[in-house]
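Following: one structure in structure tokens, then a few remarks.
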Amino acid sequence: MISQGWGWQREASQVWAWVPDAGGGRGAAMQRKTSATKDPTAVERANLLNMAKLSIKGLIESALSFGRTLDSDYPPLQQFFVVMEHCLKHGLKVRKSFLSYNKTIWGPLELVEKLYPEAEEIGASVRDLPGLKTPLGRARAWLRLALMQKKMADYLRCLIIQRDLLSEFYEYHALMMEEEGAVIVGLLVGLNVIDANLCVKGEDLDSQVGVIDFSMYLKNEEDIGNKERNVQIAAILDQKNYVEELNRQLNSTVSSLHSRVDSLEKSNTKLIEELAIAKNNIIKLQEENHQLRSENKLILMKTQQHLEVTKVDVETELQTYKHSRQGLDEMYNEARRQLRDESQLRQDVENELAVQVSMKHEIELAMKLLEKDIHEKQDTLIGLRQQLEEVKAINIEMYQKLQGSEDGLKEKNEIIALLEEKTSKITAAMRQLEQRLQQAEKAQMDTEDEDKKCLQECQSKFDSLQKQISQKEKQLVQLETDLKIEKEWRQTLQEDLQKEKDTLSHLRNETQQIISLKKEFLNLQDENQQLKKIYHEQEQALQELGNKLSESKLKIEDIKEANKALQGLVWLKDKEATHCKLCEKEFSLSKRKHHCRNCGEIFCNACSDNELPLPSSPKPVRVCDSCHALLIQRCSSNLP
């Protein structure tokens, strides 16, 4: 309960309250007497609401007339904070601690950080202030910072909406829990017009005494509502609102320009990256070009070296021939003739080689075409196999369906036979019941005739006859009930028969479908047989092609070996060889070097003690073991 700055007194049966006049800005001391049933907390809330209205209105008017930013020494601003403190303190719950009772407004204000994320900066800055020691001082600093941010109304609106959380700190009749709190929050929106620059660090907020000064709001009648001043204030407010709208529009345009600049920067960075990638690609292509040129040069060098080596080999052969011909004139002449023959043979062989090279190109093209045909036929074979597998699966499914449908037909035929037997039995029972009814009716007629005749004669037997009649009526009732039961049973049997007929029609439809499926199955079997025939024919064609390919590959290998043999092989120099190529033993004075006249490599005597005639020389010449075996194999394969 607020006792400072308010002149009210409460007794047991009456409430006396000091109510300031909020409408005209002038406080009138009025003593209002209310009945004992009036709630004192409602009066307190009304007083605080009126006081908040006066303080907010006076602060806005004085700030607009002041025309500058407000500081912490401005009296209306100080009174506003005092009124807000009283409003927030109203109805606070007392919390017990170890040393004393705690009753501060810092607890509910801390909740704003959880509800409104932008208020985290205020909470962090309030906690970092060095001079604040009490929770009340932190709450006062928080209110000043919220006013400077122009978001006090937004923060307190979040608090008022969450009444479940506020109930932990406030009583149910508190100002913040009722409608007066929402009204005060709506009034706080007008404070966004005010610009304030408050220094919170140097101020002693812990020890301040919050007393409301009513002298600021109690004015004379002469100072009521100056119209020109109100007009000026309204004009200033309109101008300020206009300027704020302009600022908002400018901020929106600036943000849009910033976004455009960011997008342009992103596109620029992307273009720069693409340029860098393109430059790297150009550098890589240049490097590849240089590598290709260097490789081309190396290939030219190697070809020149091969030509030089072949020339040297020819010269060595000529020298060996000259040495062997010395002293033998006859042999020299014969060798000369042989040289001429060999030159002619070489020309012929070169011509044959050219023909064979052209044949080789043709064979390679034919091989490629054959490989393409083989791949295509393999693909078709794979597709045909897949189709065969699918047809097999369909055949199996159809066979299973046929078996299931035949079993269902058998079962349903058995059920139909049973039902027919039951219907025959029921019809027989119905006939028997009808005969009984006819007999009973005849008996009844006979009894009625006898009764009419015997009424005159036998009045004494009337009682016994009545008893018999009653018994017969009972029997009739029983018979009628039996008839009804039989009729119902007959109706049920007829319904069952109709159902069975429907099932029979359904089964007939299924049998027709099965017959159609059988026809489709037979057609698929025919197609399957045709596909199998095509498959066997294509397999035979593929086998023939494979045999032809194997023959052509063998011919190509023979041609390649002949080309290798006919082409000038590398004649290895004596200096380059230090070990035998086959046994890898080191050459010495005892182990001499010998050239193979077919491959040109150097071997020992043990590995090259074979002699065979070659295309270059009809006489037998020294040949290594590997060339000897290869030449003998070729000769044996060429023989028919």
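Just so it is clear, glycine is given a Cβ too, placed from its N, Cα and C backbone atoms.
A TrEMBL annotation is a machine prediction, not a hand-curated record.
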Can you say which of 226-260, 261-295, 576-610 is given as coiled coil in TrEMBL?
261-295
Can at least 3 Cβ pairs under 8 A be found between the coiled coil (332-387) and the coiled coil (261-295), with each pair 6 or more apart in sequence?
no
What is the three-state DSSP composition of the domain 'FYVE-type' (574-632), stated as helix, strand and coil residue counts?
11 helix, 14 strand, 34 coil
Across the domain 'FYVE-type' (574-632), what is the average pLDDT of the model, as a whole number?
85
Using DSSP, how many residues in the domain 'RUN' (71-203) fall into helix, strand and coil?
84 helix, 7 strand, 42 coil
